[in-house]
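Okay, structure first, notes after.
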Amino acid sequence: MRPTECVCDYDSWNPVDIAAGLPLCFHPSVMSSKNWRAAVDLTGRLLTAHGQGYGKAGQQSSHTTDSLQLWFVRLSLLTKLNLFQNAELEIEPFGNLDQPDLFYEYYPTVYPGRRGSMVPFSMRLLHAELPQYLAKPQEALDRLHNLKTVCLAILENLEKGLAEDGSMITLTQENRQGSLKLWRSRLSRVMYSMANCLLLMKDYVLAVETYHSIIQYEPQQRVQLLSGIGRIFLQIGDVKTAERYFQDVEKACQMTGSQPSHTTCVLMNRAFVSLSQNNYTEAHASFTEVLKMDPKNPVANNNAAVCLLYLGCLKESLGQLEGLVQQDPALYLHESVLFNLTTMYELESSRSTQKKQALLEAVACREGDSFNTQCLKLL
Amino acid sequence: MDVSQAKQEHLLALKVMRLTKPTLFTNLPVTCEDRDLPGDLFDQLMREDPSTIKGAEALMLGEMLTLPQNFGNIFLGETFSSYISVHNDSIQVVKDILVKADLQTSSQRLNLSASNSAVAELKPESCIDDVIHHEVKEIGTHILVCAVSYTTQYGEKLYFRKFFKFQVLKPLDVKTKFYNAETDEVFLEAQIQNITTSPMFMEKVSLEPSMMYNVTELNTVAGGDEGESTFGKMSYLQPMDTRQYLYCLKPKPEYAEKAGVIKGVTVIGKLDIVWKTNLGERGRLQTSQLQRMAPGYGDIRLSLEMIPDTVNLEEPFDIICKITNCSERTMDLELEMMNTRSIHWCGGLQSISGLRLTDTFLKRTYEYDDIAQVCVVCPYTNNEC
């Protein structure tokens, strides 16, 4: 195990640039072909080589920043594979990520002079979010709230001219700006997690408030956030309030000047309102308007096909979706689109199983081992 | 849900799918920072994912519509919508196809089909589609009966039916309470509970009064152009949550004197409730006519027409009372007003007492004390004294 290089005297939670010190062969491209299970196995083998991993629970651990990054990747992939229980089991020995052996000070020979936590912020975020996928959303919310408090405290210190931990170390202007930017983006990421968790808990009032409060930190996402809030109200059934939010979106779009993405957003919102008023014809027209500007837009294509079904045009709808999958499988072999396809196959004929098999074959050769075959409903 | 008949091989296949509103696909964001081992990879994957929101990939609620996964629940007052598809699974052309859809409940059989005429011919691999809608008005077992008749190319007439059973459940629990005011007004408190498994947006809860009453609803707070609901931001009702709505009913002047108002059972009106769920899925219910038992007033009723809320100390004030003869006979009455010794010189709520009515024929005296309260204030110091 090679010691990593000591780069600078940053304090808590500012992970070092690890690319320089990466000792083992884990290149991110292993994950780009979506063979996540294979990637998970690889992390397992590498961690074992590190002296951790399978069968080593309970023994004294020796962490490095690299090994922690490997753990982070492993846990992230388990989460992406929806293997939440496995992830929970494996993260459990880390406690609340503030055990002494997770600090630089614990390894004075390996990281001489360095202080603070070795745990990547992204790992803390994952650790906080995990309980909600295991039916313990309140615990996730509590952990996220703690993270938020820390981010706010650090930002306050930085804004007051202190270092992140409140000490009087002077930072250069460049470092201060860099640190402020980093912690602001971390804060808004935590707030997104909190809002998502509240939505999962069906606490719509708080979820809406939280999404709303992200706008001040990420003003360039105003249109997306307001539209998202509108969709939440549509899910509740409060069409009037949704329309008010969509009007705010239109105003925001007008203020920032017309961008194609904004026009798309406004049209999509309009389509959802039409849907909520049982006007599938209008909804289909709005989605089609989007396709005039952006013919490859996968959401507009999928949604237009869905509208066709509600208008009694099964064959047309199927034809549209099938055509898309054949033309551009990379874009359209998505869980949601495939689910819609298989649902329509079942409605169309008794020979739906054959068609689903054909789909599965098409998917298998493209998607790697991470694909969730449940959406093909072959059982 | 699918219970089909005898196993003859048919050339046509009938499939049915309930069309509840679609749902929005939700993502599970997994992110990292550039400094982490995966670098930009996780973000790249999320950007490439067609179902994420571009520019705000951490936003969980996407825009991609997903068709309903299963039949789900259906509640009284909702609209049952269904896709009915008849597909020619064979290699021959089929003629004279008639598709009928009926809904059978415990009390009636309703025809749901949009068209009642036969389709002349159906080629192989083609289908006949229909979407039916029906507002469900009964609780309990419903059976969708689909019947298909057709003629093969050899002239053989064939027929089959499929039955799809489903239960209609009760969505709301409604309890009502009446409160009688000292005047002729009646207050109705309607307690509504959501007994479904999803949140409900209460779009409208109104009381349609019977002929005899005018109604004022007391569920909005004045202010703004429309007035805000008394429930504030909580515009929706979570499963098992309850809400109370308040209405004030005043009998119309022409009915105020009628015997029915004063005694016995009166019909007050009915509640009209409209709610919405996912993506505007609508439900509507009306209660039956709500009835109220009038409080017993005896032979004579004393009620108040006009009384001020607040009066100044040591200043006379006017009240207007109404005396109603609730009996079957004519009465000769004498009115006597007795001073009470209002001993509490400190102000606050004072009771009006001391009215006596004597029926001169029967020599019976009716005493009316504590008929109303007024708030007495000291006009000099602007405080209650």
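Note that Cβ sites are derived from N, Cα and C of the backbone, with glycine treated the same way.
As recorded in TrEMBL:
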type   : residues  : note
DOMAIN : B:10-168  : domain 'Trafficking protein particle complex subunit 13 N-terminal'
DOMAIN : B:172-295 : domain 'Trafficking protein particle complex subunit 13 middle'
DOMAIN : B:308-347 : domain 'Trafficking protein particle complex subunit 13 C-terminal'
DOMAIN : B:348-376 : domain 'Trafficking protein particle complex subunit 13 C-terminal'
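Within the model, the domain 'Trafficking protein particle complex subunit 13 middle' (B:172-295) shows a mean pLDDT value of 85, rounded to a whole number. Within the domain 'Trafficking protein particle complex subunit 13 middle' (B:172-295), the DSSP-based counts of helix, strand and coil residues read 11 helix, 72 strand, 41 coil.
Broken down by DSSP into helix, strand and coil, the domain 'Trafficking protein particle complex subunit 13 C-terminal' (B:348-376) contains 0 helix, 20 strand, 9 coil.
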